[in-house]
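Q: According to TrEMBL, the record shows the following:
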type    : residues                : note
BINDING : 61-68, 128-132, 182-185 : GTP binding site
DOMAIN  : 52-329                  : domain 'Tr-type G'
């Protein structure tokens, strides 16, 4: 590593040693108590000891990377389950964490499932999350409440589209991660290439802590680079760990991999960087401490490897979780003090503080609504009262349980840092609960916009279960939205993809006995302006008595596309001199918002447009809020038509993997759907094609891909952005919309 890069950092470290993320819990408590509205009482030694032995972790990855299989092995080796069952097993039992019938039939995880286990003297709260992009909200809300994560990667496919999405979510919530390269027994397994992908695609410094002994069907175990011992997994289920000397033929590879580990750590950790410059060899303890510091600071991810299906590598992964991922005291969480103008204050993660908890997931159980809660501060006890911050209501905690997939265990109390579930609490996902002594709210989670809609009609129009099911699903899943179309009077459901909506339609049939007919999928188009357009509109109406008069002058202009994610629309008031009385300005803004609701080209919402009000006129008798609201609405409509408007459609990032002999068929199928090929990568006998394709062109693609690849191809897609449609497509959409309007007349 370049000396010039290291010297300034070491000089800084020598001048003023930085406060480590691994500072003692007592120091954290003292520092946080000074800035928190909570009690400043010191934590007990017992509570500190409990928190130091607690890990809240999630298992996340791209679909089919083996997350649920890894979780099943973790539960087996920690003694939570006595038998192992596979995701797609022939015994019709299925993996413990995939408890829904739909999950077991389709072989995918649909809902995140929570459990707890014990490894050595460390308690683990584990959440297994879905890998399919349609259920990304499950990953989002799990990572919102977790302190660390295990990112599972396939040894052949490596970093895929949903891996990048999960990486983005981990960064959003500042979650440190350990990377686990699974499926080392697969043909074409290449851990070195996967580590390079973590560095290049995820932009995260990474290095292996292990070297595999054999690969593909000859995979036997790993060599631990820190202890420099070979680790073999013997016994019927790999439960017997045998340590041995490093095989002679791997001695050079082990030496090179350890050197690479030290060099990578030297770039992200000052202590190892100093030793590296002085050409000293760090000890095992120094390396472990550096790995922990860099991992918790999210500057580095240690990489382990194994094969969950072959029962290899899981115990060493659990050791890494306890050694390198943070406990609750080493993660900084914040909340908003509502009594002090939403001032951001730190959470004090100890049980002797006032209670603060976040409801992050809802589920309908046989005993009513089940609410999953992460206790951030204080203690939650059975029989106590909690305050729902949003509504101000006081609720009694009548039953408190810890979850193990879909089974539960009653407990009397849970301390700070724990995850539990409550019954009979009326709330929504993302709500905060306190004990009433402090008025604080946790920040909510990010909820992506829906990209696809379907019309839904129950076969039995009089069934009360139809609305009951829709209300429940909306409460459970913030990305599942329902509205009634004002013109057609049809019920429209919106979600993250075809599979997402199909699952809910199927759940309505199974859980509520409501058969539904679905309409053609509707894409969430948007309309936008592409150039500035002036407006000067006068609204006059006289019909005896007081009339209506309002005049507005100004312009509309497009908002920079890079700002549209945070600022989809903006109203600017530049009126001076009181030509429009200030009490009518809000009415003008309401008229502008009315115009955004339904576009004038194809009837979809308008985004990315700024309205600037510069001048106007009012009448002392005839002007009113209604007059100015109507004037602003019509002014916006007229100027929007003059702004060279465009229709936008959702553009999806599509990743297709198929055997290399079908590469031509895959490229042809994407080109036919007007896809833009971004990248083509060849991995052994497989090819991976990345493309950007309009969502409107992707319906029915799974059937076409199966037939083009003899059933061997698979694809995933996720929303990237909205982009303008082709001119001929825009014309067709406008004609279709005009025809629909004419039919209604």
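The backbone N, Cα and C atoms fix where each Cβ goes, glycine too.
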Q: Tally every other Cβ atom lying within 10 Å of the Cβ atom of residue 184 (GTP binding site).
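A: Excluding its own Cβ, residue 184 (GTP binding site) sees 28 Cβ atoms within 10 Å.
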Q: So if I draw a 10 Å sphere around the Cβ of residue 67 (GTP binding site), how many other Cβ atoms end up inside it?
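A: The Cβ of residue 67 (GTP binding site) has 28 Cβ neighbours within 10 Å.
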Q: When a 10 Å sphere is centred on the Cβ of residue 129 (GTP binding site), how many other Cβ atoms does it contain?
A: 28
Q: With every protein chain in view, how many other Cβ atoms are within 10 Å of the Cβ of residue 61 (GTP binding site)?
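A: For residue 61 (GTP binding site), the count of other Cβ atoms within 10 Å is 27.
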Q: What's the number of neighbouring CB atoms sitting within 10 A of the CB on residue 64 (GTP binding site)?
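A: Summing over all protein chains shown, residue 64 (GTP binding site) has 18 other Cβ atoms within 10 Å.
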